[in-house]
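Quick look at what TrEMBL lists:
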SIGNAL    1-25  signal peptide
ACT_SITE  Thr248  active site, nucleophile
BINDING   Arg276, Val277, Gly278, Asp279, Thr299, Gly300, Asp301, Gly302  substrate binding site
Amino acid sequence: MGSMRRSSVRLLIGFLLIRLNWCSAVGDKGAEKVGVAFPVVVSTWPFREAVRAAWKVVSTGEGWGSAVDAVVAGCSACEDLRCDGTVGPGGSPDENGETTLDALVMNGATMEIGAVAAMRYVKDGIKAAKLVMEHSEHTLLVGEKATAFAISMGLPGPTNLSSPESIEKWEKWKQNHCQPNFWKNVDPVGKCGPYHPINLASVEVEGSVKNEVVGSQGGLCQGYFESDNLLEPIKSNLKVVNRHNHDTISMAVIDKMGHIAVGTSTNGATFKIPGRVGDGPIPGSSSYGDDEVGACGATGDGDIMMRFLPCYQVVESMRQGMDPRDAATDAISRIARKYPDFIGAVFAVNKEGVHAGACHGWTFQYSVRNSSMQDVEVITVYP
């Protein structure tokens, strides 16, 4: 009887070891087995250098090896590299030609969050967010006051966040009559502002072309490629929003102790209306994490995605028992039912290191490193 009991215990231990040492990734072939759980680093897009920077911290103990420090290191690397021109300084200009930064960091052990939005003149977005978390009771600081706070806490500045590339992009956009843009239901159509609201209920619309313009404004950004092109309104999801002007690094890390942290950094939508804040610094939208459950990161059309808090939804779905793939798919499908033309994606990783992704409107890639891998691996997810 005693030998049978010992055999049962061995089998149980063996099962638990197997359970802890495997995770699942969703790629172009569906689910496949990949290695060991902790530590784990996951990031939106093929931002390999960012994942390597985070991995160096969380795997070797540099910077204490915490999940929070790893997230900050990874996002900082992307800011320095100006990943895709949409992270860090020198990237996406707004309508005034200025680059501003949004960033967030979250500690999944304590649920503390620090974030900055529309921050000017300081290039270290994710570090500023961490300072908000560490040195204030607040969650989010914005604009020039966020700048003043970051500089007072020791970050370098004021610094011009524009670059020759961003200024050239902005000048070409102005030459194209400031099109496409993010305005709707305004005059003038097809050229730069200042814009004035159209009272759609009282304006008498003449001509079939003008009727088409007014009728297309619900949920669409108004604009045209050329000022004399009155035939083809530009849909925001097709022309204003795309892979290289609506991008974000969103990262999740599980450290050796099983603690979770997430972070995001972005310079926002190209040619955004000055003052616009996207989903990057919004907890539960661009990222969210909880030691008890797992984490999520998002990228895409933040103006739409932030209305649904997709990463909060992913984590809560996993809390209720969904696996990461189903949780990610469910969060994206909730948005798609209301906005079938939106572009976006999420990755999900549970507290055991199982990861997956889901997307809509584009092909999405996310990067992963764990202790069974020799280097970063990029997972492709199709809509």
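From the backbone N, Cα and C atoms, a Cβ is placed for every residue, glycine too.
Source: prediction; values computed, not measured.
Structure with TrEMBL features highlighted.
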residue	record	Cβ within 10 Å
Thr248	active site, nucleophile	30
Arg276	substrate binding site	18
Val277	substrate binding site	21
Gly278	substrate binding site	25
Asp279	substrate binding site	32
Thr299	substrate binding site	31
Gly300	substrate binding site	30
Asp301	substrate binding site	24
Gly302	substrate binding site	28
Greatest inter-residue Cα distance in Å for the substrate-binding set Arg276, Val277, Gly278, Asp279, Thr299, Gly300, Asp301, Gly302:
16
Hey, how far is Asp279 (substrate binding site) from the residue listed as 'active site, nucleophile', Cα to Cα, in Å?
10
Fill in the CA-CA distance, Val277 (substrate binding site) to Thr248 (active site, nucleophile), as an integer in Å.
13
Going by C-alpha distance, which of the binding-site residues Arg276, Gly278, Thr299, Gly302 is nearest to Thr248 (active site, nucleophile)?
Thr299
